[in-house]
Ligand code: ATP
Ligand code: MG
């Protein structure tokens, strides 16, 4: 049942406050989400409100599901937990006939096409990137409650993607085009606008709604837009049974129009509000919170009320690590190796995340993880092969294979095929173009790897290999490592977090650097969000060149200044990047699997084949019995290392790379028995 003893004193004050306005202003991992879940449970348990009269708003539908799940565990069902959009959509479906009679409407499913037409109507160039930028601008304006007429004068210091009057014209045309003879087309923002409008303009609708919903809770309130706030105000009317929680230091959606001001001004709007600050971070070790405090402590122009200092409540853990690598493929391979080691030490793969700034960065890590045999899932952004530009690229290559093309240099052929899709020799500056460019380049890199591995590959063979890759990318979704952008990682937590690609112009991203200080500060907060996702293990890494052998012209993220020494300028190779050598032939090892075994894949195996096979059979049986993926018990690489080193006791076993104390505890006896030492 609901036991408020599961909360600390400050959390309890917030959870058990009487009905009415409550505001929790607190840092990452301090239990905000947990506290509001308990608050809902407590209000229901005490009979202040019934479950179906509560509306909880979360930032993602995943978070909504999580909240319902946690409430169910406490024996409470029937609470509505939704995103603003999902809640508005449901309400509009219900109230539409009352406000619009039988005027039909449907959700606009291809906004891009419509905006494209509006762009052409306004006689602007309509390349994909331009349309996308203007579309983003219209979304910002709508979320900020700015009409087409107001747009030019409400721009402030924003740089519009086209002359302001032109953007306003496109915006107006777009709005007009949604009224079709067959009925209204509504985009996502319209759902919110019309919901607020229905409640504001129709007393009957408002009364019915307010009869139904009495108590409101909003998570991640620092990232609410004026449009969402208007919906919230319409829901409430003149009532004040509202609990909000947020952390201004985690405002990372300003570019969509979101603002922390509603959170920071809450107690001005509701002078009788219970305001609680939480500082104890239950998620992370003091080592992680120490770094988080330093990162956010360097923020410029911090808003009053955001000067929270996190106190890590978990037992001490490892220091965060920083690692510079020569190039991205090396960075990805090394990280995959680290992940393999963590898994071997007993950290579940589902408790490990690789976080990056933009989705295109996932490609090289997807590749490295799949090479190392590690299952993964890509969150918030589709997997590499389902990206539109990659799908287009593959179909162009298939088309090329049907023509009579010169197949002598497949890498060049691929490059030439991808030029019309946006592969230029210079890295473009626009965010969207850059992301596209990076994934096209990642595809070229992949082709280069495949060609290197199979020198006599022809185009059909290459397409088959790409198809294989694509099909392998349907990994089991359970037990996998998470790949996610920093934006998509909001509110989540993992035992081990790898913050990768920390180079200037990726974090902070180039367009933020161009836009100036405010935008750069938002990027810093994004870094802070990343750091605070880790419970225990945290590794920050970056690569000095993009490609293997490329010019090392990149600079690590400016946010690391004052946090780590400039590793690149130190003499020699940074420690974390020191090559590891084969124990047979002494040459430098490359792949993660080779490093775990400590031997080149091509060097003769030093182990008795039968011993290795016995270990493998034991491992597979154990995995089956425990219902896990085989590599979660021991990876093949680790089994090989065990077979080669033939440890005779637990201490020796512990010295095998990839075997940690957890593994000894779980499997030590059995492994030694298989080796005949027990
Ligand atoms: P974020 O700012 O990232 O959204 P948050 O403030 O919402 O973080 P939660 O996700 O609610 O934090 O909690 C972080 C972790 O700390 C969770 O694993 C949660 O279960 C745990 N936690 C919170 N409060 C307590 C507590 N009083 N005792 C033990 N664990 C707690
Ligand atoms: Mg939270």
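Quick reminder: no glycine exception, Cβ is built from N, Cα and C everywhere.
Over in TrEMBL, the protein carries these features:
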- 26, 27, 28, 29, 30, 31, 32, 33: ATP binding site (BINDING)
- 5-285: domain 'UvrD-like helicase ATP-binding' (DOMAIN)
- 286-536: domain 'UvrD-like helicase C-terminal' (DOMAIN)
- 605-678: domain 'HRDC' (DOMAIN)
Exercise. Kindly point out which of the binding-site residues 27, 28, 30, 33 have a C-beta less than 6 Å from some atom of ligand 1.
Key: 28, 30, 33
Quiz item: Of the binding-site residues 29, 32, 33, which ones put their CB under 6 Å from ligand 2?
Solution: 32, 33
Exercise. Compute the centroid of the Cβ atoms of 26, 27, 28, 29, 30, 31, 32, 33, then list the same-chain residues not in that set whose Cβ lies within 8 Å of it, in sequence order, for the ATP site.
Key: 245, 247, 278, 281, 282, 283
Quiz prompt | Secondary structure composition of the domain 'HRDC' (605-678) [DSSP: H/G/I, E/B, coil] | solution = 51 helix, 0 strand, 23 coil
Quiz item: Of 30, 33, which of the binding-site residues has the most Cβ neighbours inside 10 Å?
Solution: 30
Exercise. Look up residue 32 (ATP binding site) in the DSSP assignment and report helix, strand or coil.
Key: helix
Practice problem: Averaged across the domain 'UvrD-like helicase ATP-binding' (5-285), what pLDDT does the model get? Just tell me the whole number, please. | Solution: 93
Exercise. Would you mind checking how many other C-beta atoms are within 10 angstroms of the C-beta on residue 31 (ATP binding site)?
Key: 25
Quiz item: Relative to the Cβ position of residue 26 (ATP binding site), how many further Cβ atoms are located within 10 Å?
Solution: 25
Self-check item: Cβ contacts of residue 27 (ATP binding site) (under 8 Å, same chain, 6 or more positions away)
Solution: 247, 249, 278, 279, 281, 308, 309, 310, 532
Quiz item: Which ones in the same chain are close to residue 29 (ATP binding site), with CB under 8 Å and 6+ residues apart in sequence?
Solution: 281, 282, 283, 284, 289, 310, 493, 532
Exercise. Tell me the Cβ neighbour count for residue 32 (ATP binding site), meaning other Cβ atoms within 10 Å of its Cβ, over all protein chains shown.
Key: 25
